[in-house]
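What TrEMBL lists as domain 'Cation efflux protein transmembrane' is 34-254. The region 'Disordered' annotation in TrEMBL covers 370-390. The transmembrane segment annotation in TrEMBL covers 31-50, 62-83, 95-116, 136-154, 200-218, 224-243.
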């Protein structure tokens, strides 16, 4: 090949990340996300300072939701980057799993923050500090306004899909029960509260409501322990909301089959197995490649006389309605059939008296055989692929040559006596001479067949 004397050095990790960020920043759709990200960082800085001045752990727990908004904006940027990238030899299925990984990491980090709040709250129950309410209410409304504005202004496709596909959290279920009661009195609110609310909007409103109750109780009765109780409530709501999303995105990363499409896949496989020329469909595997994208592979065994391209087109047409990325492997039925020998048979082979014949089981009726595959058509018989390279039931009887010679005087051809040299050396039966008659050929066998030890003929 060509020798490059001055090969360009490979880029470092930071250089690759910078190159990909410039690629995303070149798209005008990402400018809005970058602007919201900058405002989010400023808002997080102010909230952390107010948390320190008020000494409120409940406001700190609510600030973690704003940090989660920053993670969601990064996930949205990754989603735009995935749409720009094309599949490569290394990533043949594309880069859709990067946004799945981003959603999983964001939800797990939010749960870790909730666990940290729970740990700090337990310590505060032992020694409750004094809470200053000067900027508690201001920080609550600033965080609520920014969280709702970010969630409703930015169309985050990965989190929108996960929030609908994942199972409902306990907070959503309780709010749904309450919403049914309210909608029974005021039917016009059914379009807002039913069938279930957005989990991110719901946790933002519930957290702000808990902080407002905390502010009122501290202002009225100086009940500082309610701040710790509110922090535990916000942490539990955060954990309960993020856990179903982590489970769903984790199953996608593990390449599992979505439960809601298993029935449809089984129906399509049954339809494919009934196509003309298809003998068997096996080794099928389907998994979720990304959010809303299903991939799969399947092996199809067809008849020898079937058209491979035609079968491939029909199979792909049936499965492509559900599986967007599909790999189909077609192979023909190639099990071995017995062949008749065309070699001329020797004359001594035809002398059946000098050979042993191994009887083979008789053939069954012709109506039990499949005229295409020549295999038994009974449903209990194993499939043809388990009969490769094994003798079938229609093999001709096998004739084995008999090396044992016949006795003298019976008019049959006989060969040499391979054991005569051994037995004539006195290796006969004890008490009997070497001239004792046996049913094998010896050099000193008497002319009369079957004599006793005294030389008298047998009765």
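The backbone N, Cα and C atoms fix where each Cβ goes, glycine too.
Here the structure is a predicted model, which means the values were calculated and not measured.
Of the Cβ pairs linking the transmembrane segment (95-116) with the transmembrane segment (200-218) and spaced 6 or more residues apart, fewer than 3 are under 8 Å, so the two regions do not touch. Sequence-distant neighbours of the transmembrane segment (62-83) (same chain, 6+ residues past either end, Cβ-Cβ under 8 Å): 20, 23-24, 27, 29-30, 33-34, 36-37, 40-41, 43-44, 47-48, 51, 94-96, 98-99, 102-103, 105-106, 109-110, 113-114, 117, 139-140, 143, 146-147, 150-151, 154-159, 203-204, 207-208, 211, 234, 238. Within the chain, the transmembrane segment (31-50) has long-range Cβ neighbours (under 8 A, six or more residues past its boundaries) at 25, 59, 63, 66-67, 69-70, 73-74, 76-77, 80, 135-136, 138-139, 142-143, 146, 150, 153-154.
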